[in-house]
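Shown next, in structure tokens, is the structure this report addresses.
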């Protein structure tokens, strides 16, 4: 459901007209699972999800309140069942708690029956025993807590009007339950934790290949957030699954996490990544070309990986990534005075000096993708929005007012790149020039 001002230039499809209805929907929100926001926050030392927070989309200055339930039920998005990988246990390919991993598969049809899109779910990381033990009690660490059905929206939609290039492909969402971007391979017996992300990746691919993916004429590996990072890490592995005759490419959405300096002068995300790498023994599964010259933690950062990925890769990212602002640039641990509290949740409340700091972050991101964008095989869509994950959201992927750069929307840019219909190296001007953004605003 959406709530919007009547004079808004953005006309949402669903509008709450009844105050009573709005209150009921807001109460229902606590019972609903999340769809879009894959962020994590630290609460009492544990990784919690932004699902706990009310969030808004702001389009062209208009605030739009959204709850997940009606967006799915009224728009009639397909609900796709969870498949547990029964052969995974014998391979040691299990979630943090030892439960079976899984995926959701919606079969393709017509001209797309032999094409495959595999989406890797995101959801942050756990960097300490305590965080990972907590994560075992959520869908991010155990299939026991995963939804039995989820809606397929955005790039996973089966409707040509919502997803023109991939709607009739076999579309898969691989669930994320290892806390290490599908890359770990270790365990902690004392805490009864299994860090088996790499094995989950292998088990999922083997299962999908057996279900017809090995006959794919075209394949796309995509993912959002921690799943977007996993795409970069696993892209060449995915490419090697197929013969040279298969068109294989990769799309990383909101996975370009920078090794950035935070507002206190420290490196909050580097500290988190160092914990993940150490705890999950990631160094054995990180790209060898990187660990031969850099330390393992550095090799978990995309900026040190993307130029060496051989398989065609598309980087889609918001230049003012909401997750990175909240958890890397201005986390509470780096802002004890709370001077960033308002800006962290709402870009419109940032001071001039805070915006200047964020502009420096954008400049660094732009500079880091310039070399990557030079080869014709690669694509870039770097929009100057306060957002995170734009492929699975109907409103940002291919809606009437979806974000665009030079009048080209995200879905069109990705399609042009994948099918080689035209150029797709799009880098936006700096904030506040882009009036097409669907910026995220949060309220605790």
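The backbone N, Cα and C atoms fix where each Cβ goes, glycine too.
Pulled from Swiss-Prot:
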SIGNAL    1-45  signal peptide
CARBOHYD  60  N-linked glycosylation site
ACT_SITE  225  active site, charge relay system
ACT_SITE  321  active site, charge relay system
ACT_SITE  388  active site, charge relay system
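Where Swiss-Prot records a feature, it is marked here on the structure.
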| residue | record | Cβ neighbours (10 Å) |
| --- | --- | --- |
| 225 | active site, charge relay system | 28 |
| 321 | active site, charge relay system | 28 |
| 388 | active site, charge relay system | 26 |
If you measure between the CA atoms of residue 225 (active site, charge relay system) and residue 321 (active site, charge relay system) and round to the nearest Å, you get 10
Cα of residue 321 (active site, charge relay system) to Cα of residue 388 (active site, charge relay system), in Å and rounded, measures 6
